[in-house]
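**Q** Provided herewith is a single structure, encoded as structure tokens, for subsequent inquiry.
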Amino acid sequence: MLVFCPTCANILTITSLPSTSPQHPSFSDPSADPDTDLAPRNRLECRTCPYMFLIPRNTVYYDKREMKRKEVDDVLADGEGGGGEVVEGTLGMVGWGLNGGGIANAPVVQCNNTDCKGSQAEFYQVQIRSADEPMTTFYKCKMCGHRWNEN
């Protein structure tokens, strides 16, 4: 959570009180036990104006959250747990997609795997480098599932 200065509207940062500060508990009583003392040890401080807010010692000023990872979708899903299906198109074209929302009528090329007897592989192109570089072509054999790419 971000906290802003009420006087100048800049962000406040958390800093610890120096032991020489008059607000620090050991300044007035050097014999005070630091473990049982409930006096503030930290403060919210503005870096542009003299505003300062003392944070009570028993106050929690952080919130730890665990973020959930997103599932990665298989772009060339073939029903092997990816949730996609291959659909035969027109004029020798093949379309594929995840739950029917993928690329339709994608052209096919021959598989480059020497052990595979398949004659077709699906492909798609993505611009993953700078605009003046050629697009990267990703291939997947329809028969054996072999994947490769060309720059």
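From the backbone N, Cα and C atoms, a Cβ is placed for every residue, glycine too.
Automatic, uncurated: that is what TrEMBL annotation is.
Under the heading compositional bias 'Polar residues', TrEMBL lists 19-29. Per TrEMBL, the feature region 'Disordered' maps to 19-39. Sequence annotations record features per position, and here TrEMBL assigns Zn(2+) 1 binding site to C46, C49. Annotation source TrEMBL lists domain 'TFIIS-type' at 107-149. Summarising the annotation, TrEMBL assigns Zn(2+) 2 binding site to C111, C116, C141, C144.
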**Q** Round to the nearest Å and give the CA-to-CA distance linking C141 (Zn(2+) 2 binding site) with C46 (Zn(2+) 1 binding site).
**A** 61
**Q** What is the Cβ neighbour count of C144 (Zn(2+) 2 binding site) at a 10 Å cut-off, with all protein chains included?
**A** 14
**Q** Which residue, out of the binding-site residues C46, C116, C141, shows the minimum number of other Cβ atoms inside 10 Å of its Cβ in this structure?
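**A** Counting other Cβ atoms within 10 Å of each of the binding-site residues C46, C116, C141 gives the minimum at C116.
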**Q** Would you find the one among the binding-site residues C49, C111 whose Cβ has the most company, meaning other Cβ atoms within 10 Å?
**A** C111
**Q** Residues other than C111, C116, C141, C144 within 8 Å, Cβ to Cβ centroid, of the Zn(2+) 2 site?
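**A** So the additional residues around the site are N112, N113, D115, K117, G118, A121, K142, M143, G145, H146.
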**Q** For the domain 'TFIIS-type' (107-149), what is the mean per-residue pLDDT, to the nearest integer?
**A** 81
**Q** Tell me, by DSSP, whether C116 (Zn(2+) 2 binding site) is helix, strand or coil?
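**A** C116 (Zn(2+) 2 binding site) sits in coil per DSSP, no helix or strand.
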**Q** In angstrom units, rounded to an integer, how far apart are the Cα atoms of C46 (Zn(2+) 1 binding site) and C116 (Zn(2+) 2 binding site)?
**A** 67
